[in-house]
Amino acid sequence: MTLSSYLQGNNQSKDFIDMIQVIVDQIKPIKTEFLGGDKKAGTYNLYGEEQIKLDKRANEILLTAFKSSGLVKQAGSEEEADVIHMESTRGHFGVTIDPLDGSSLIPTNLAVGIIVSIYENGEIMSGLSNIKSAFYILLGPLTLMVFADQSGVSQFVLNDEGVFDLVKEDMKLSEDGKLYSPGGLYTKWTEKHKQLIKSYEEAGLKLRYSGSFVPDFHQILTYGGIFSYPALIEKPEGKLRVLFEVGPMSFIAEAAGGAASDGVKRTLEIVPNKVDHRTPVYIGSKNLVSEAIEKLK
Ligand code: AHG
Ligand code: MN
Ligand code: MN
């Protein structure tokens with residue numbers, strides 16, 4: 001089954017399906033940019049990180065497509081300081097993008113991704129509880145999409161004709177998982193977080209961490225386990241961005257029967273107070289996220 005028939009079966013509107021297709025159509029141009037390598041653009045995003053050219057190009061490609069589609073009312077991007085208001089003639093979606101997640105892995109040819117969430121109320125600052133669907137595109141040996149909406153979580157693979165075919169339906173985060181993916185420098189972790197990670201090693205969980213959230217989370221979704229990017233000493237808000245990374249991934253995790261917490265509450269309860277709002281995150285199998293919350297108390 002193709003992605004668009006799948007979305008029709010989930011009662012998604014024509015506007016919605018067209019909007020997803022607008023994003024899918026940008027995968028090829030974005031990947032073509034990878035051939036140019038990892039040249040530095042010499043500019044910085046609002047987080048003070050040097051934008052390699054590819055971050056900026058992927059951002060431009062997606063935002064240009066959104067503008068000409070007439071389907072997007074508000075867009076937010078990890079590479080933009082403000083919410084972008086667009087003229088929409090139909091659909092009127094709010095869309096957030098991390099146009100290139102894991103960009104530091106491009107020079108080493110490891111997997112990277114694109115992360116998207118969709119607000120059908122058109123208002124991307126209205127709170128993560130208003131996310132109605134979210135997906136990521138994993139650019140690895142295969143180009144995959146993991147898509148979540150009210151009907152659950154499914155995985156698609158891009159075929160030779162450039163069409164996503166359904167390969168897994170009703171994905172669930174296993175509670176027997178044996179992987180942990182720990183972000184942040186050990187020396188900057190809190191004592192409680194250090195103890196938590198130590199307990200994973202003692203329990204026989206295996207460490208899997210690449211430095212790109214999309215493939216790291218995808219391993220957790222596939223095999224079960226927990227990804228964390230904690231509060232750091234001197235940086236209690238952690239690193240990952242609520243609108244572009246934590247929100248969409250939390251929606252996917254919960255739709256797969258898993259959980260996502262900032263260590264105290266569900267991350268999907270967060271209402272961002274600025275575009276670059278960040279949060280610590282513990283995300284993955286429900287049992288492991290509950291255990292993390294207990295141990296962090
Ligand atoms: P981005 O490439 O979009 O800036 O995201 C990088 C993020 C995320 O993908 C990953 O989980 C995390 O940063 C890795 O951070 P560390 O390098 O601190 O491990
Ligand atoms: Mn990212
Ligand atoms: Mn990014």
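For all residues, glycine too, the Cβ spot is worked out from N, Cα and C.
Because TrEMBL annotations are produced automatically, they should be read as predictions rather than curated entries.
Among the features that TrEMBL reports, domain 'Fructose-1-6-bisphosphatase class I N-terminal' is placed at 23-169.
The Cβ of Leu100 (Mg(2+) 1 binding site) lies under 8 Å from the Cβ of Ile30, Leu54, Asp55, Ala58, Asn59, Ile106, Val112, Gly113, Ile114, each of which sits 6+ residues away along the same chain. As annotated by TrEMBL, Mg(2+) 1 binding site applies to Glu78, Asp98, Leu100.
Note on Glu245 (Mg(2+) 2 binding site): other Cβ atoms within 10 Å of its Cβ, all shown chains, come to 25. Residues or ranges marked as Mg(2+) 2 binding site in TrEMBL: Asp98, Asp101, Glu245.
The feature substrate binding site is assigned by TrEMBL to Asp101, Gly102, Ser103, Ser104, Tyr209, Lys239. The Cβ of Ser103 (substrate binding site) has 22 neighbouring Cβ atoms from other residues within 10 Å, across all protein chains displayed.
Residues or ranges marked as domain 'Fructose-1-6-bisphosphatase class 1 C-terminal' in TrEMBL: 174-294. Mean pLDDT for the domain 'Fructose-1-6-bisphosphatase class 1 C-terminal' (174-294) in this predicted model: 98.
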Measuring Cα to Cα, tell me the gap between Glu78 (Mg(2+) 1 binding site) and Ser103 (substrate binding site) in whole angstrom. 12
Go through Glu78, Asp98, Asp101, Ser104, Lys239, the listed binding-site residues, and name the one with the sparsest Cβ surroundings, counting other Cβ atoms within 10 Å. Ser104
Close in space, distant in sequence - Tyr209 (substrate binding site), Cβ under 8 Å, 6 or more apart: Ser181, Pro182, Gly183, Asp216
